[in-house]
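Copied over from Swiss-Prot, here are the features:
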| type | residues | note |
| --- | --- | --- |
| DOMAIN | 38-200 | domain 'SIS' |
| BINDING | ASN53, GLY54, GLY55, GLU66, ASN95, ASP96, SER121, THR122, SER123, SER126, GLN173 | substrate binding site |
| BINDING | HIS62, GLU66, GLN173, HIS181 | Zn(2+) binding site |
Amino acid sequence: MTEEARRIVIEHAVEGTRLRESYFNGNADKVVDGARRMAVTLAKGHKLLFCGNGGSAADAQHLAAEFVNRFQMERPPLPAIALTTDTSIITAIGNDYSFDQIFEKQVQALGNEGDMLVGISTSGNSPNVVRAMHAARERGLATMGLTGRGGGEMAGLCDILFDVDHGRTALVQEVHITIGHLLCGLTDHFLFENVLALQPWLKDATNA
């Protein structure tokens, strides 16, 4: 291994560690709140929808899998759908209408009032994710966003926004999946280990 290659590894790891430490020091309460919102959504019999492009599509599928299968603890499957996986649906919409509508039309077909849409976009401006957010709000879904660079257009469309304001997309993505893992673990915690903590929100739908 050359010294230059080793330096690249260490610098990336150090910068990523600093970013995660800084982000979670400032946003730990927001992550807990996001997980509580997810838990309330699921406890009320609703579902989670995920969408994103490229690496964010992979994150959407990753997180949906953690909910449907399990994360760390043994528990019943939880309803979550990644809108990035059905190539027939995606190519039909993209071919007949527009790539910008591939998630929007799925939200219109699958999303119901009380569900939650989680949109992932490192720019916050992916047109198909933005349109999906608009569709979700029109149908009465809660909206959560994982973004970078200030949140972009998604900032004004999300009930709760996790914006990792950093210039390197790769590091933003690394924090996104850490946020996602924490949301999975904390949602399980609220649903199966600390159910009493959810009671105030289960009684009062306006706070969910």
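Cβ atoms here come from the backbone N, Cα and C positions, even for glycine.
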Let me know how many other Cβ atoms fall within 10 Å of the Cβ of GLN173 (substrate binding site). 20
Compared by Cα position, which of the binding-site residues HIS62, GLU66, HIS181 is the closest one to ASN95 (substrate binding site)? HIS62
In sequence order, what residues of the same chain, 6+ apart, have a Cβ less than 8 Å from the Cβ of GLU66 (Zn(2+) binding site)? GLY180, HIS181, CYS184
Under 8 Å by Cβ from SER121 (substrate binding site), counting only residues of that chain that are 6 or more apart: GLY52, ASN53, SER56, VAL129, VAL130, GLY145, LEU146, THR147, GLY152, MET154
Over all pairs within ASN53, GLY54, GLY55, GLU66, ASN95, ASP96, SER121, THR122, SER123, SER126, GLN173, the annotated substrate binders, what is the largest Cα to Cα distance, rounded to whole Å? 32
Given the model, what does the mean pLDDT over the domain 'SIS' (38-200) come out as? 97
Other than its own, how many Cβ atoms are within 10 Å of the Cβ belonging to GLY55 (substrate binding site)? 16
Using DSSP and three states only, what is SER121 (substrate binding site)? strand
In angstrom units, rounded to an integer, how far apart are the Cα atoms of GLN173 (substrate binding site) and HIS62 (Zn(2+) binding site)? 13
